[in-house]
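Taken verbatim from Swiss-Prot:
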- 1-22: topological domain 'Cytoplasmic' (TOPO_DOM)
- 472-508: topological domain 'Cytoplasmic' (TOPO_DOM)
- 23-43: transmembrane segment (TRANSMEM)
- 80-100: transmembrane segment (TRANSMEM)
- 118-138: transmembrane segment (TRANSMEM)
- 141-161: transmembrane segment (TRANSMEM)
- 172-192: transmembrane segment (TRANSMEM)
- 201-221: transmembrane segment (TRANSMEM)
- 294-314: transmembrane segment (TRANSMEM)
- 317-337: transmembrane segment (TRANSMEM)
- 347-367: transmembrane segment (TRANSMEM)
- 383-403: transmembrane segment (TRANSMEM)
- 426-446: transmembrane segment (TRANSMEM)
- 451-471: transmembrane segment (TRANSMEM)
Amino acid sequence: MPSVGIVIGDGKKEYPGKLTLYVTVTCIVAAMGGLIFGYDIGISGGVTTMDSFQQKFFPSVYEKQKKDHDSNQYCRFDSVSLTLFTSSLYLAALCSSLVASYVTRQFGRKISMLLGGVLFCAGALLNGFATAVWMLIVGRLLLGFGIGFTNQSVPLYLSEMAPYKYRGALNIGFQLSITIGILVANVLNFFFSKISWGWRLSLGGAVVPALIITVGSLILPDTPNSMIERGQFRLAEAKLRKIRGVDDIDDEINDLIIASEASKLVEHPWRNLLQRKYRPHLTMAILIPAFQQLTGINVIMFYAPVLFQTIGFGSDAALISAVVTGLVNVGATVVSIYGVDKWGRRFLFLEGGFQMLISQVAVAAAIGAKFGVDGTPGVLPKWYAIVVVLFICIYVAAFAWSWGPLGWLVPSEIFPLEIRSAAQSITVSVNMIFTFLIAQVFLMMLCHLKFGLFIFFAFFVVVMSIFVYLFLPETRGVPIEEMNRVWRSHWYWSKFVDAEKNLTKVVI
């Protein structure tokens, strides 16, 4: 290949390339990594409402639920041990994401996906055959280790493999897989709840999505970015040519090598994140995943059956309602695949925030009007139940085409290569910290804040929408290695990012 002069600056650069069948299939297979995360989110809440599961592992919760059926509905499921069962996974995911950063950088994205699948598979088997609470907890920890690795590697893999014009749509495949996993889990919970040992099938069924990503990672190629990072220049060149479906890849391969050479000068990527020029990246790595969880979505998806049961639905009706929200989740995520590269990230963030705000206030008013502050139960009229489910579905739809997919897409596409693995690790870690905290205290918050819990999350939706409006630049249609120019042109972040244009010549 001849030497090529590459200008990296504020001028927009367009790399040639097509949306080939090869890259589409590759990204679909990789996106399946989201199935394990989604399946766990959906299965946990449903299993905890099954009488046979409660009787075996959490008898105090079961007895309290049956004994106090006519008392405060807000506090029926308030149990430290029950919430620890759900939230312990996220502490494990937090720890493993830090290790996954090193593995992803040194050994490639696909190795991290493979480890994630194997660990999740082991946890699923242990949970399926559990006979004591400690087996459940250890199984949950293994599941968490697996999720930490996949959530670290899959979004990066998708952003690096996809042509920049289609990066948003292909990356959202990860979130779509999460929503499909949630839906499948809710459907299985509904059917398995009829069987006395159905909880074993629900928990053990996690082996299936684990095997999908495990086998998938064995046949997937690694990304050209990762190959170059590990010195495999010729292999990366051949792979990029196959991925893009064109021979003219000189500009893109040179920019990838420039980014790789810059990354090698960084001895301590974690410490480097604290440098002034990476201030916008670090801010987004922390606040976007934190805000994603403060929308309250995982409260709905974790505990949808518990929540619906709490507000007066029967056990079967609660699981059916959870299936309905799961269907909405999948459908709205498909909308985001269409719209993210057409309407842009900022539009979806802001529209979704407004829609979530209205829905949360409406749900709070509906639940508050029915149960008041003392949680006095009563028979929920059918029309009233439909109204509650309708607004929850509107809320889920808003999240599913905004903060759901974009909470993973935007961080994975804005980090330069030299800090990419470390910054993505922070994104996953913050996501898991907030997921753990909210999952751990949700039932207690429901007991004390009552319907005000939805107002609590609505407040943060307002805060995050203001943040997006003021501080998040549009990243649609910007090549991943050219992302620095969006910070240079931003009214605030330009103060931190070096505005000088660099002219670099690289000879391969």
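Cβ atoms here come from the backbone N, Cα and C positions, even for glycine.
Note that the structure is a prediction, hence the values are computed from the model and not measured.
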Looking at the stretches 23-43, 80-100, 201-221, 317-337, which one shares the most CB pairs under 8 Å with the transmembrane segment (118-138)? 201-221
Test of understanding: applying the rule of at least three C-beta pairs under 8 Å (pairs 6 or more apart in sequence), is the transmembrane segment (451-471) touching the transmembrane segment (23-43)? no
How about the transmembrane segment (201-221) with the transmembrane segment (172-192) - do they touch, taking at least 3 C-beta pairs under 8 Å (6 or more apart in sequence) as contact? yes
Within the same chain, where does the transmembrane segment (172-192) have neighbours whose Cβ lies under 8 angstroms from its own Cβ atoms, ignoring anything closer than 6 residues to its ends? I mean 6 or more beyond. 27-28, 30-43, 46-47, 50, 154-155, 158, 198-199, 201-202, 205, 209, 301, 304-305, 316, 319-320, 322-323, 325-327, 329-330, 333-334, 336-337, 340, 400, 404-405, 408-409
Does the transmembrane segment (80-100) reach the transmembrane segment (426-446), going by 3 or more CB pairs under 8 Å (6 or more apart in sequence)? yes
Which sequence positions outside the transmembrane segment (141-161), separated from its termini by at least 6 residues, show Cβ-Cβ distances below 8 Å to it? 23, 26-27, 30-31, 33-34, 36-37, 40, 88-97, 99-101, 103-104, 109-110, 112-113, 115-124, 126-127, 167, 170-171, 173-174, 206, 210, 213, 220, 223-226, 243, 408-409, 411-413, 420-421, 424-425, 428, 431-432, 480
Mind looking up the mean pLDDT for the topological domain 'Cytoplasmic' (1-22) in the predicted model? 56
Can you work out which residues elsewhere in the same chain, 6+ from the ends of the transmembrane segment (317-337), have a Cβ less than 8 Å from its Cβ atoms? 42, 45-46, 49, 169, 172-173, 175-176, 179-180, 182-183, 185-187, 189-190, 193, 300-301, 304-309, 348, 385, 389, 392-393, 396-402, 404-406
Ranking 383-403, 426-446, 451-471 by the number of C-beta pairs under 8 Å to the transmembrane segment (347-367), which range is first? 383-403
